[in-house]
Every structure is written in C-alpha cells, then in structure tokens.
C-alpha cells in the first residue's frame, strides 16, 4: 500500500491532494507532475519580461564582483524606488572575491570597512587594524544573496557589455547614456561567426565595476580611450596596500558624464596602485559609487531613461 501524504510531512493539504506529492526519504518520494514545455515557458516568460522591463533602467552596474555587489546593496537599500540592473559577463557572479590571495580561502578586510560585514551579518576574527573572514565565499555568497533578494535589483549573468551608448546631451556634452549588451558566448565568438548584433539598455547612470585589465576587465575605461572620451589610460601601478586602498575609495567618481568607475577598474583609469588580497577598498569604493549615483540622480531630470535637464536648487 502506498504511503499516505499528510500535511505534517508535506507543504499543505491542498498541494498534497492536487498533485499527489509526498516528501519521504525511505523510498517513496513523489514530485508533482510537470510537462517539459511548462519549464521552458516559466523561464522564458520571466526572463524576457525582465529584459523588456529593464530595457530602460535607472542604474546599470557592469560587473558583479565585490565592488559592484557592494554598490548594488547600498544603492538598493538607500533607494528602493530605483530599478537597478546588474550585468555580469561570467556565469558565476562574484568576480575575484571567492578566494583570498594565491587561491587561499581567508579574506582580509582593513578597518573601517569591517562595519559593512556587521551590517550584512558576516562573522570575522578581529586582528586589530584588520579583520579576517574565514572564507571569502562566505562574504560573497552572503552579499550576493542579500542583493538578489531585493525586489528592485535584477542580475543578468552570462551577459557581456560590448559597448557604451554615447549621446550628445542637453548641455551639448558627450554623455554615457546606456550599455550595449550581448550573451557572453556570442561576444566571445564574433571572430568565428558572421555578424551577431547586440541589444541595448538605456540608463541615466552607468556604474562600471569590471576590475583591472584582463579578458573583459577595465572594459569601460578602455572603451573611453578608443571612443575619444579619454586621452589615455593611467595604467595600474604596482602593489602598495597603504597607497592603493584609500586612492580607490577616495577616487571613486563620475569620470565622464553618465559613467561612474568603481573598484579596480578605477586603478587602470587613474594609474593608481593595486592592493592585492585585501578587500576593504572594494567595499568602500562600491558604497561611494552608490552615493555618487544618488547624488547625480538627485540633481537631474530624467525622461525615458535619459537625462534631459538639471533640477534647480
């Protein structure tokens, strides 16, 4: 005789009776029935509705590493009214914050950035001037889960930014007005296939957190040069933790109208030092980028995702 499903070992009586489900770990586990097309439609409807709705966003964050995620957390908490869209080229978000230095697991964070750990609920050992999280993945997974749970945040991973939208704005200035996107696998294969055109997202503020130079690193900083909006890159200097971290946090800013640089991408733009395996500056820079975005949005008039004027004081 088959086991009888009850509300005690299942979700509720309605689901039990309707779908004949049974949560049992002695050999009688039963799932609700499903059709393959239901799975496809459930994903397609939600994903493409999101793409449609976020074709105009309030803020786009390019890169979901430690700086980008810290920025998203602060901005989404401070301004729940904003539509914040995060784009990450990799399948796995998190950037280089899944490990500490040389593939070791502990994460070092210099004070005063430890306050952020207490805010998001990550435990650490206090070493005086700095703290140590037992595994970098604890920080990254905690932060990522909190960001993704926010109703005004969308993350599109495996999605590359291939270019910047640049318009002449209401003041006659060249302004970054959005991003040009494509699936990362498409972006990596333009040399092997015929033309595969991209998509776009319009936003009044773009925050680029793509890290230092690499396969897709420092993308926006490098594109500013090739687009004629920046004469040349400063190029990241050698490792000096004491010079590097305050330079990154204090230098986080709108580097050209519509574009804020945060995290290690800023070191390539400004020519500041790298700090290596200490992550306080990524947190601090992300938070400052969020504040910069709010400052910009508080002083401009936005229509259809475009800045069309300034708000008089």
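Placed from the backbone N, Cα and C atoms, the Cβ positions cover glycine too.
Some features that TrEMBL has for this protein:
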BINDING   67, 88, 89, 96, 161, 197, 212, 264, 274, 275, 276  substrate binding site
MOD_RES   195  2,3-didehydroalanine (Cys)
Determine the Cβ neighbour count for residue 274 (substrate binding site): the number of other Cβ atoms within 10 Å of its Cβ. 17
Rounded to whole angstrom, what's the largest C-alpha distance between any two of 67, 88, 89, 96, 161, 197, 212, 264, 274, 275, 276, listed as binding substrate? 38
Below 8 Å Cβ to Cβ and six or more residues apart, same chain only. Which residues does that give for the residue listed as '2,3-didehydroalanine (Cys)'? none
Neighbour tally for residue 161 (substrate binding site), based on other Cβ positions within 10 Å of its Cβ: 27
For residue 67 (substrate binding site), which residues of its chain lie six or more apart in sequence with Cβ-Cβ distance below 8 Å? 95, 209, 262, 263, 264, 282, 283, 285, 286, 289
Most Cβ neighbours within 10 Å, among the binding-site residues 89, 212, 276, goes to 89
